[in-house]
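**Student:** Annotation source Swiss-Prot lists substrate binding site at THR10, LYS42, LEU74, ARG88, citing sequence analysis. The ATP binding site annotation in Swiss-Prot covers THR10, PHE11, HIS18, GLY89, LEU90, ARG91, GLU99, ASN124, SER125, PHE126, ILE127, SER128, SER129, THR130 and rests on sequence analysis. Swiss-Prot lists HIS18 with the feature site 'Transition state stabilizer', giving sequence analysis as the kind of evidence.
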Amino acid sequence: MHKRAIYPGTFDPVTNGHADLIERAANLFEHVIIGIAANPSKQPRFTLAERVELLKTVTAHLDNVEVVGFSGLLVDFAKDQNASVLVRGLRAVSDFEYEFQLANMNRRLSPDLESVFLTPAEENSFISSTLVKEVALHGGDVSQFVHIEVANALTKKAK
């Protein structure tokens, strides 16, 4: 069965937790589209173009992964990409309530779009983009939480 999946997010920045889920999704689905949301309401540290480039670097070794920036409704983006599955990560129980509401809203807007939830590897379960940015902002070493190119980009942004 040919399944195209979308792993959506802001990815500001992409972390090792995200990379772990991307690799596992790439093993589960024939084609995975990393949908990077423009999401100006979040005031991202990195521009959409920068986030796309960082994700392309992190996923360069995965032949069935494509990185695309988008704006607008996720369900519309999924339809444009001919995707039938949304991949979402759940780090903790606290993520579940929001993700459950989001999955139900997406199902209401697009009944054929299925949500699949993956949990991160234990060593990545506490990592969030927000925490990584906070550590980097205060001069901390984030290289154990993100790809080296992402760590370098964060260091440049912090200066």
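Note that Cβ sites are derived from N, Cα and C of the backbone, with glycine treated the same way.
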**Student:** Tell me, by DSSP, whether ARG88 (substrate binding site) is helix, strand or coil?
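**Tutor:** DSSP assigns ARG88 (substrate binding site) to strand.
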**Student:** With DSSP assignments reduced to helix, strand and coil, which class does LYS42 (substrate binding site) get?
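**Tutor:** SS state of LYS42 (substrate binding site) = helix.
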**Student:** Specify the nearest of the binding-site residues THR10, LYS42, LEU74 to LEU90 (ATP binding site), where nearness means the distance between Cα atoms.
**Tutor:** THR10
**Student:** Distance check, please: Cα of HIS18 (ATP binding site) against Cα of THR10 (substrate binding site), rounded to an integer number of angstrom.
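**Tutor:** The separation of the Cα atoms works out to 11 Å.
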**Student:** Kindly assign SER125 (ATP binding site) to one of the three DSSP-derived states: helix, strand or coil.
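**Tutor:** Reduced to three states, the DSSP call for SER125 (ATP binding site) is coil.
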**Student:** How big is the gap, in Å, between the Cα of SER129 (ATP binding site) and that of THR10 (substrate binding site), rounded to a whole number?
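**Tutor:** It is 9 Å, counting Cα to Cα.
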**Student:** In Å, rounded, how far does the Cα of SER125 (ATP binding site) sit from the Cα of ARG88 (substrate binding site)?
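**Tutor:** That comes out at 14 Å between the alpha carbons.
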**Student:** Starting from GLU99 (ATP binding site), work out which of the binding-site residues listed here (LYS42, LEU74, ARG88) have their Cα within 10 Å, and give them in sequence order.
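**Tutor:** Near GLU99 (ATP binding site) by Cα: ARG88.
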**Student:** How many neighbouring Cβ atoms, not counting its own, are there within 10 Å of the Cβ of THR10 (substrate binding site)?
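**Tutor:** So the Cβ neighbour count for THR10 (substrate binding site) comes to 16.
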**Student:** Where among the binding-site residues LEU90, ILE127 do you find the Cβ with the fewest other Cβ atoms within 10 Å?
**Tutor:** LEU90
**Student:** Using a 10 Å radius around each Cβ and all protein chains in view, which of these binding-site residues has the most neighbours: SER125, SER129?
**Tutor:** SER129
**Student:** Can you tell me whether DSSP puts THR10 (substrate binding site) in helix, strand or coil?
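**Tutor:** THR10 (substrate binding site) sits in coil per DSSP, no helix or strand.
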**Student:** Who sits close to LYS42 (substrate binding site): which same-chain residues at least 6 apart have their Cβ under 8 Å from its Cβ?
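**Tutor:** Non-local contacts for LYS42 (substrate binding site): THR10, ASP12.
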